[in-house]
Amino acid sequence: MVASDAGRLRLVLALVAVVTFTIRFVPLAASGMLSAEYGYDDGVHLSLAEHLIAGQLPYRDVLFVHPPGIVLALAPAAALARVIGDPGALAAGRLLVTIVGVLNAVLVVWILRRRGLLAAATGGLTYAFWGPAIAAERSIYLEPFIGLGLLVALAALARRRDGSSAATSARPGGGVLAVAGIALGIAVTFKVWVVLDLAVVGLLVLARHGVRGAVRWVGWVLVGAAPILLPFAWAAPRAMWDDVVLAQVGRPRTAGLLHERFAALDPSTHRGAAIATITVVLVLVAIAAAAVRVARRAGRLPTREIPVGWTGSVRRPRPSRWPDPAWWSIAAVVHLGALVAAPSYYLHYTAFLAPPICLLAGAAVGAVAVRVHRSQRVAVRVVGASGLVLALTGVALTFPALPSGPREDRALLAGLTRTGCTWSENPSYLLVADAQTRAIAAGCPGQPDLFGTVMTERGGYPVPGTVGPSETVVQMVERQLAASRTVLLPAGAPEAWLDPALITYVHAAFRRVATTGNIAVWQRPSG
């Protein structure tokens, strides 16, 4: 790469980084949402990290239905809560995830750089503008971290040029396999879906580096995963297995059809069907284009004969010579399958698709640009830039809307929850009220993930916090409410999964003293 190209690449990297950060962080900060109540999962993840700082382990002491990676990643923010308060720690956690999103977008550019700056810019900006990625990286979700693991692995294993041999396609030595293995080993400690990426990347390593290389790569995966997983598994092996694996059996099923799930990409109801259709078509076209590209290269790459009986033989390219987009397309198909087969679906789940889809989008643009005659490149660049702007405008229609309405008064919440124990079905409420750290220190009863306990009970597995196997989740929560002075609930309708008996209990034993934002404050009458 000449100096001028290197300078342009740095410019593209900087542009994508700034755009990605701006789209995610600025709206949160400008709207006052950076440390405000915004969903459920971020409260669960940070609350578990605060429990960990206090010496309470996931699985052994508190329930958690995912691997422990996110808890450890948020441990520094949780430690800060003792100094800057729970709302400040929540803001720090969201900033961390935003930075991970920026790294992901930059890695997309880096992987695509050899396919041209237009390809790199297309992939990186598509990631920056895509709604599901934004939704996952404005809050504290798992998908940005598992995407980072996959992108680091793909960057390490990327070929210098398509069709080259394994010996010349990547940097020689075990460093490539070490980086790819450790990255995915760490990623699998965030969400079990990463086993799908382990399968795809494992096949890639086997094809390009042989059995010995694959064995070394598996060893590096264990190096990345074992130090994170083993301490928790050693402390509570059965509970960890029940929480992380078996409890998912009780997860309720949501919209099951592909177009219904992609319709959630658009926050406005009147555009949902159109955006869903366009998104599905673009995904399928990108995958098909990658497959066609592999097929067209079959005549130019070394092939192996496949006997098919007396009718002759079929020629196909060796997997060891498949170009990177072929593996990206396989990953995209696998990710799509996971989204369809998953028992539940939320908008941020679709961020799982972002890395392979954005790489394929950039590769497709790069493939077209390479085929353009030199004399036509100026015109094509103008048309391509215009098309990219239009495409990004379309992708921008998938931007997730931030919650509307008045924000909660955090000072009011902190004052009302300062004495006695506070209970909430949503741990985010405790964080914005600056009550979580105090509640943990005071030994107040509670469960960071009440939804997870419901899932676990539905699956028929032990629930941490219950007194004996005969106590139900409802009875456990009633016991926790009896020890609490204040209860924080949604100002509107309660969560559908919350047992009506608990709402009845709150109405009988507490009275509503304030409503701020989306949070209703209930307190036990004095005297």
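Heads up, the Cβ atoms here are built off N, Cα and C, so glycines get one too.
Note that TrEMBL annotation is computational and uncurated.
Owing to the predicted nature of the structure, the values given are computational and were not obtained by experimental measurement.
Annotated features in TrEMBL:
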type	residues	note
TRANSMEM	12-34	transmembrane segment
TRANSMEM	64-84	transmembrane segment
TRANSMEM	91-111	transmembrane segment
TRANSMEM	117-135	transmembrane segment
TRANSMEM	140-158	transmembrane segment
TRANSMEM	178-205	transmembrane segment
TRANSMEM	217-236	transmembrane segment
TRANSMEM	273-295	transmembrane segment
TRANSMEM	325-346	transmembrane segment
TRANSMEM	352-370	transmembrane segment
TRANSMEM	382-402	transmembrane segment
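Among the stretches 91-111, 140-158, 217-236, the one making the largest number of Cβ pairs under 8 Å with the transmembrane segment (178-205) is 140-158.
Among the stretches 117-135, 140-158, 217-236, the one making the largest number of Cβ pairs under 8 Å with the transmembrane segment (325-346) is 140-158. Contact between the transmembrane segment (217-236) and the transmembrane segment (64-84) is supported: at least 3 Cβ pairs lie under 8 Å, counting only residues 6 or more apart in sequence. Among the recorded stretches 64-84, 91-111, 117-135, the one sharing the largest number of Cβ pairs closer than 8 Å with the transmembrane segment (12-34) is 91-111.
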